């Protein structure tokens, strides 16, 4: 056990896409492009949400939190991926631990925050006369805090259970980031108990929130169909469909990664899916909300013209 603990502090070798060396330059450009797009898009959302008084509403408060979350999440991964694609394919044990805790905390926070945003849309559409009273600034801050703290708690449980597994000198990580499914593959002992605990925790974050989101959107759809004004109905559907699109893309990829049995986990396929939800999904959020939202597009025009 002493040798196992000592070996666990060694650097990890990230195999990444070493099986496809000719594609590494392509992946480097891909990651760099989407990382820069994520920074620009999400910083823009934060800036216009703060500077435009018309966007000082609960919806854009939560959207700003989502943008900040995506910036932090991508930044916790992208620089290290870029370095490994063009240089040494290693990461220190401490770096791997930090990356695992941070990325898990931020990813888990997004799971809860998307459910909170669905609640906001439910109140806005189904309880419009009471919306301002119900979704008051204090409640919005509390809901945002719960999202961030829940993500942190899940990370402490999820990552700690994973890191307790002995590796017995096995440090060739068949991935480009430190992620739970790939780390479980390195364990030299039976990880059934760990997988069960991680499965239960994953259900709490990857099944219950989207289930609540779907239920809320069922009520929202009924309420929208009762709206007589075609313009108001279109605006409600446009706003809600933007959020629903983000939910489907985010949860679809994460559920595939974390809720499938470990024996059916295809490593190469998992890498490409991880690349999608770590690099592409954070970029999609500002694009989807900008293209389908008149208020955001108007605020963006004001910002570009210097009127904001």
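Using N, Cα and C of the backbone, Cβ positions are placed for all residues, glycine too.
Caution: TrEMBL annotation is automatic and unverified by curators.
Of all ranges given (171-195, 196-220), TrEMBL attaches the label transmembrane segment to 196-220.
Contact between the transmembrane segment (98-119) and the transmembrane segment (196-220) is supported: at least 3 Cβ pairs lie under 8 Å, counting only residues 6 or more apart in sequence. Mean per-residue pLDDT, taken over the domain 'G-protein coupled receptors family 1 profile' (41-289), amounts to 86.
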